[in-house]
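Participant: So Swiss-Prot says this about it:
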REPEAT    14-53  repeat 'WD 1'
REPEAT    59-98  repeat 'WD 2'
REPEAT    103-142  repeat 'WD 3'
REPEAT    148-187  repeat 'WD 4'
REPEAT    192-231  repeat 'WD 5'
REPEAT    250-289  repeat 'WD 6'
REPEAT    301-339  repeat 'WD 7'
Amino acid sequence: MKDALVLQSRVPAHPDSRCWFLAWNPTGTLLASCGGDRKIRIWGTEGDSWICKSVLSEGHQRTVRKVAWSPCGNYLASASFDATTCIWKKNQDDFECVTTLEGHENEVKSVAWAPSGNLLATCSRDKSVWVWEVDEEDEYECVSVLNSHTQDVKHVVWHPSQELLASASYDDTVKLYQEEGDDWVCCATLEGHESTVWSIAFDPSGQRLASCSDDRTVRIWRQYLPGNEQGVACSGSDPSWKCVCTLSGFHTRTIYDVAWCQLTGALATACGDDAIRVFEEDPGSDPQQPTFSLTAHLRQAHSQDVNCVAWNPKEAGLLASCSDDGEVAFWEYHQPAGL
């Protein structure tokens, strides 16, 4: 297990600052990082080395907490503690801030694009989730403000193929939203974590959702459609989500991020104990009660809290991580034999 994660490269991405989050572009050729220095950096390869291709420093007045690429790869959205979200347009190696989205009362904690590229979601410490519509002229309009959470909303993520939105909060819950008529509504609340839910990730099929928490567990939730063979109760025509697996006893501190590889199904976590862990579903495990094994555990992946893990969308096994130590690390994950 010790050789399952091999360091490929390490770069001082945000020196003297925290590096908060990472996002690969859709082709897996560029990685965006953001940090407490108010900057966004774009990383790419030259030969065998990862180098900084661009620095986006003009958009925000405070910490940049999250970044997200549009599905077409031509835009990057950044969420900041200055209560704004910037939309950057890519022009070869340069990026220009073309729009600043305002409206949240305080820190914007996360931003995510829908798979169509026509919708954007943001969430904030003001307890709200906003859904924005993007038109052909690149104009952004808020079409819904969702106030389902009772505390700070930490993370938003879209289903990989449907317009289904999920959010994670300091109120210990995960909520799911869909469009009904002309508005967005909360269609499910996932309860079970005993403390803040920091991050969530859909599996490649979108039928399962992983959540990670301050309670040091990862929970796997499965979607059940009305009339399902397992007899899981559903409310009307809305699917039901049920916790089918809890990964506990593996992490010694808060789990800040969880990432589900869209190519292999491997599940990576970023933890406050400075470690990165990878889990794989056991072969032949029951889909209704899946079991997962720890296949990689790198104890000193960083010198401080690990904030984010991100699988490359095109190159299986390439994992990036970032930390309070300001560094970004690139790892090669080797799947154990027999899986």
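All positions are counted from 1 along the displayed chain.
Cβ atoms are placed via backbone N, Cα and C, with glycine included.
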Participant: Write out how many residues of the repeat 'WD 5' (192-231) are helix, how many strand and how many coil, based on DSSP.
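Facilitator: The counts are 0 helix, 19 strand, 21 coil.
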Participant: Applying the under-8 angstroms CB criterion, which one of 59-98, 103-142, 148-187, 192-231 scores highest with the repeat 'WD 6' (250-289)?
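Facilitator: Between the candidates 59-98, 103-142, 148-187, 192-231, the best contact partner of the repeat 'WD 6' (250-289) is 192-231.
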Participant: For the repeat 'WD 7' (301-339), I need the partner stretch with the highest count of C-beta pairs below 8 angstroms, choosing only from 14-53, 103-142, 148-187.
Facilitator: 14-53
Participant: Please work out the helix, strand and coil residue numbers for the repeat 'WD 7' (301-339) from the DSSP assignment.
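Facilitator: Its residues fall into 0 helix, 18 strand, 21 coil.
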Participant: Take every residue in the repeat 'WD 1' (14-53), average their pLDDT values, and give the whole-number result.
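Facilitator: Summing pLDDT over the repeat 'WD 1' (14-53) and dividing by its length gives 97.
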Participant: Quick test of the contact rule: Cβ under 8 Å, at least six residues beyond the ends. What residues does that give for the repeat 'WD 3' (103-142)?
Facilitator: 62, 65-72, 77-85, 87, 89, 148-163, 165, 167, 169, 175, 177, 184
Participant: Go ahead and report the DSSP secondary structure tallies for the repeat 'WD 4' (148-187): helix first, then strand, then coil.
Facilitator: 0 helix, 23 strand, 17 coil
